[in-house]
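A short write-up of the structure that comes next.
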Amino acid sequence: MADKKNLLLLFDHPTEPVFMDKGKRVTVFDVPDSFLTDRYRPISNEVQSRVGDKVEQRVPVREISIPDLRIPMSLGRDEQFSLFLPKHRRIAGRLIDIFMNMRSVDDLQSVAVYARDRVNPVLFNYALSVALLHRPDTQGLDLPSFSQTFPDRFIDSQVIRKMREESFVVQPGSRMPITIPRDYTASDLDPEHRLWYFREDLGINLHHWHWHLVYPFEASDRSIVAKDRRGELFYYMHQQVIARYNAERFSNNLARVLPFNNLRDPIAEGYFPKMDSLVASRAWPPRFESTRLSDLNRESDQLNVEIGDLERWRDRIYEAIHQGFVMDERGNRVPLDEATGIDTLGNMIESSILSPNRVLYGDLHNNGHTFISYAHDPTSKHLESFGVMGDVSTAMRDPVFYKWHSYIDRIFQEHKSRLPAYTENQLNYPGVSIAGIQVDTNGGRPNNLTTFWQQSDVDMSRGFDFLPRGNVFARFTHLQHLPFTYTISLNNDSGAQRFGYVRIFMAPKNDERGQPMLMRDQRSMMIELDKFVTSLNPGPNTIRRRSTESSVTIPFERTFRNLDANRPAAGTPEELEFNFCGCGWPNHMLVPKGLPEGLQCVLFIMVSNYENDRIDQQLVGRCSDAASYCGVRDRLYPDRQSMGFPFDRLPRSGVDRLVNFLTPNMSIVDVNIRHENRTVQRPN
């Protein structure tokens with residue numbers, strides 16, 4: 001019986017042959033000769049004996065008849081792989097099916113070992129990751145962080161070269177971390193570059209990659225895609241990214257991001273990633289300023305789409321929103337109601353295989369990524385691959401990602417603006433009132449938050465192929481804040497014990513011109529900081545909650561988890577949950593950067609009636625940690641209200657400011673976020 005943990009070794013050193021040593025314990029797969037590629041079959045004994053001296057563990061691989069891999073092998077090993085391309089999606093779907101349909105872990109190991117040296121390394125990583133997440137007999141395996149396996153997606157090529165040099169020349173115990181420069185993609189002449197720390201943050205890009213891994217939009221096994229409220233989660237997670245990005249823009253004296261409304265306008269911003277793909281051995285193509293989109297006709301990618309197609313799909317989606325229903329493939333009306341409308345729209349706009357009618361409403365969001373990522377070579381005349389917008393692990397580095405998603409969010413907001421506003425009765429919690437709220441950092445002034453820079457080291461050795469083994473560290477600079485605590489004083493006058501759902505949001509107080517924000521603008525800038533259940537005793541209550549407990553974020557250790565060092569004990573419920581926990585907003589980016597003189601924000605806290613919000617289900621283990629943006633593994637989303645409640649709809653009539661929106665179970669307080677331009681080293 002194969003040990004399922006050995007499957008994780010197949011992620012190590014993705015471009016090396018499968019029979020090379022892997023893992024911290026020097027482990028080798030005993031690959032049957034018939035599984036080797038033509039290049040290595042004649043010399044396998046020689047190579048394996050060379051590796052064999054140091055081996056601590058051997059993994060037997062059973063020889064079985066291999067399913068038809070022609071479709072997965074149709075993508076070259078040195079091509080770029082993108083989930084946004086329909087051809088690549090079909091190829092990935094086929095490989096996922098093959099991995100999912102293997103009867104046992106033994107058979108899965110055999111097929112994975114056979115496929116590993118024959119299919120594209122990034123495709124292999126994606127398909128095996130999805131299969132391990134969804135197969136009942138492999139759930140609970142901790143997938144290695146994508147940044148460790150493919151460091152080239154996160155680090156510029158100069159640093160990669162220095163890391164190669166370090167690992168080749170210096171013995172493992174003496175190696176020094178290689179510092180990633182802070183300003184390597186542009187200079188301050190480009191105002192957009194002020195946001196480098198957000199767009200190029202390793203944790204944020206890993207969150208986006210991991211979210212799409214947990215919520216794939218295509219697979220022939222529908223259950224892999226059809227998770228609870230995944231369309232709504234697509235809307236909400238990306239809406240929150242835009243709200244957070246806009247708060248960062250205010251923290252750098254920039255206006256809110258403008259949506260990419262007219263697809264025929266030039267894209268003002270250029271982007272030069274300065275990264276090389278180790279799989280394709282090519283540089284990621286840049287996009288020059290004022291590039292226009294063109295119709296795509298790339299035979300090699302089986303792509304033939306016109307800008308007119310995107311415009312038609314957009315118009316049909318708007319028409320459906322204004323009519324209040326969409327037409328499914330059988331001609332039936334599917335209502336866009338308060339309960340499920342946003343979920344239907346999310347699957348339709350993204351689009352996933354759950355879309356009610358892909359023929360009519362198309363594939364707007366995914367194709368937008370494709371159009372932008374091929375803007376530099378729309379007909380494949382220069383044989384160039386896609387830019388960073390074509391890959392979920394790199395897309396958030398590009399300023400145009402936020403313009404495109406603001407445009408997508410505007411379509412969702414059109415639907416939300418047509419729903420009836422929440423009434424005071426829907427918002428109020430009779431008998432429960434908040435007396436006061438305060439935020440404190442250790443030893444700081446009340447209601448003042450502080451951010452600064454921090455340098456952290458991440459081990460990238462799994463992704464460095466054809467080099468001596470041992471740790472290779474990259475040191476990167478990221479935003480960090482002093483931890484803080486919310487203190488909420490509230491009264492329960494109902495005379496009995498009650499349960500409340502505490503919802504914490506924050507938004508800038510003033511707009512770009514320094515004017516107090518109107519409620520209808522401010523609601524779309526609200527970033528969710530936390531959401532948790534609390535019991536309310538009769539009479540006065542004081543609730544304290546630490547910022548590190550947030551339902552939005554995961555701790556640093558989990559974003560960059562070292563799978564060997566801090567793995568929970570084998571077989572425990574905690575271990576089962578460890579992997580899903582890779583999805584979540586990085587805790588170091590919980591609050592915006594702020595300004596040296598302080599960014600004026602308003603903190604909003606609401607306690608809603610948990611009886612109305614509760615979902616009856618068991619949540620074992622710790623993986624509801626980042627449920628707000630990621631949901632909970634194999635469970636329903638743990639909140640009955642719409643995502644973003646109470647700010648997901650326009651306010652009731654007569655409410656033009658946040659203060660008029662409040663009911664007794666809500667409270668606001670002004671908070672100041674100061675940025676100190678100092679850099680501290682993260683304690684190891």
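From the backbone N, Cα and C atoms, a Cβ is placed for every residue, glycine too.
Under the heading active site, proton acceptor, Swiss-Prot lists GLU350. Counting Cβ atoms from all protein chains shown, GLU350 (active site, proton acceptor) has 21 others lying within 10 Å of its own Cβ.
The Cu cation A binding site feature in Swiss-Prot is assigned to HIS208, HIS212, HIS238; the stated evidence is similarity to another entry. Around HIS212 (Cu cation A binding site), the C-beta neighbours below 8 angstroms that are at least 6 residues distant in the chain are LEU83, VAL392.
In the three-state DSSP classification, HIS369 (Cu cation B binding site) falls within a helix. If you look up Swiss-Prot, you'll see HIS365, HIS369, HIS405 marked as Cu cation B binding site.
Annotated disulfide bond per Swiss-Prot: CYS581-CYS623 (among others), in sequence order, evidence recorded as similarity to another entry.
The disulfide bond annotation in Swiss-Prot covers CYS583-CYS630 (among others).
Within 10 Å of the C-beta of ASN448 (N-linked glycosylation site) there are 17 other C-beta atoms, taking all protein chains into account. In the three-state DSSP reading, ASN448 (N-linked glycosylation site) counts as strand. For ASN448 (among others), the entry in Swiss-Prot reads N-linked glycosylation site.
Around ASN492 (N-linked glycosylation site), taking its Cβ as the centre, 21 other Cβ atoms fall within 10 Å, counting all chains. Residues or ranges marked as N-linked glycosylation site in Swiss-Prot (evidence: sequence analysis): ASN492 (among others).
The N-linked glycosylation site annotation in Swiss-Prot covers ASN665 (among others) and is backed by sequence analysis. The Cβ of ASN665 (N-linked glycosylation site) lies under 8 Å from the Cβ of LEU427, ASN428, TYR429, VAL432, SER433, ILE434, LEU490, GLY500, MET606, VAL607, SER608, each of these being in the same chain and 6 or more residues away along the sequence.
Around ASN677 (N-linked glycosylation site), the C-beta neighbours below 8 angstroms that are at least 6 residues distant in the chain are PHE452, TRP453, PRO596. According to Swiss-Prot, the feature N-linked glycosylation site maps to ASN677 (among others).
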Spatially closest candidate among HIS208, GLU350, HIS405, ASN448, the listed recorded positions, to CYS630 (disulfide bond) (Cα to Cα): HIS208
Alpha-carbon spacing, HIS369 (Cu cation B binding site) to CYS583 (disulfide bond), which is rounded to whole Å: 22
Length of the line joining the Cα atoms of HIS238 (Cu cation A binding site) and ASN492 (N-linked glycosylation site), in Å: 36
Can you grab the distance from CYS583 (disulfide bond) over to HIS208 (Cu cation A binding site)? Cα atoms, rounded to a whole Å. 8
Rounded Cα distance in angstrom between ASN492 (N-linked glycosylation site) and ASN448 (N-linked glycosylation site) is 28
Sequence order is fine: just name those recorded positions in HIS208, GLU350, ASN448 with a Cα within 10 angstroms of HIS365 (Cu cation B binding site). GLU350
For HIS405 (Cu cation B binding site), the closest of the recorded positions by C-alpha position, picking from HIS208, GLU350, ASN448, is GLU350
CYS630 (disulfide bond) has how many other Cβ neighbours within 10 Å of its own Cβ? 27
May I ask which residues of the same chain, at least 6 positions away in sequence, place their Cβ under 8 angstroms from the Cβ of HIS208 (Cu cation A binding site)? VAL241, VAL392, SER393, ALA395, MET396
